[in-house]
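The structure appears below as structure tokens.
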Amino acid sequence: MKEGIHPQVHRAKVHCACGESFETTSTRKEIKVDVCSKCHPFFTGKSRTVEVGGRVDRFKKKYGL
């Protein structure tokens, strides 16, 4: 392997939107994610509510049309 061409690997702290955090290795020191194994429906066994309606419906609701 060549010297000096590989990125530095650090212990990275991963922060989820649900408030959970854990450590892993990465080239970044801090990582922010939207979903982790503590809050993802596949791992929790709970289903999420699926938003009914498309973009047009959301636009009309947002602007009162």
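In case you wondered, yes, glycine gets a Cβ from its N, Cα and C as well.
On a predicted model such as this, the values are computed, not experimentally measured, just so you know.
Pulled from Swiss-Prot:
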BINDING   CYS16, CYS18, CYS36, CYS39  Zn(2+) binding site
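Within 8 A of the CB centroid of the Zn(2+) site residues CYS16, CYS18, CYS36, CYS39, the other residues of that chain are ALA17, GLY19, GLU20, VAL33, ASP34, VAL35, SER37, LYS38, HIS40. Taking the Cβ of CYS16 (Zn(2+) binding site) as centre and 10 Å as the limit, one finds 18 other Cβ atoms among all the protein chains shown. Each of the binding-site residues CYS18, CYS39 was scored by how many other Cβ atoms lie within 10 Å of its Cβ, and the smallest score goes to CYS18.
Listed in sequence order, VAL14, CYS16, CYS18, GLU20, PHE22 are the same-chain residues at least 6 apart in sequence whose CB falls under 8 Å from the CB of CYS36 (Zn(2+) binding site). In this structure, CYS18 (Zn(2+) binding site) belongs to neither helix nor strand by DSSP; it is coil.
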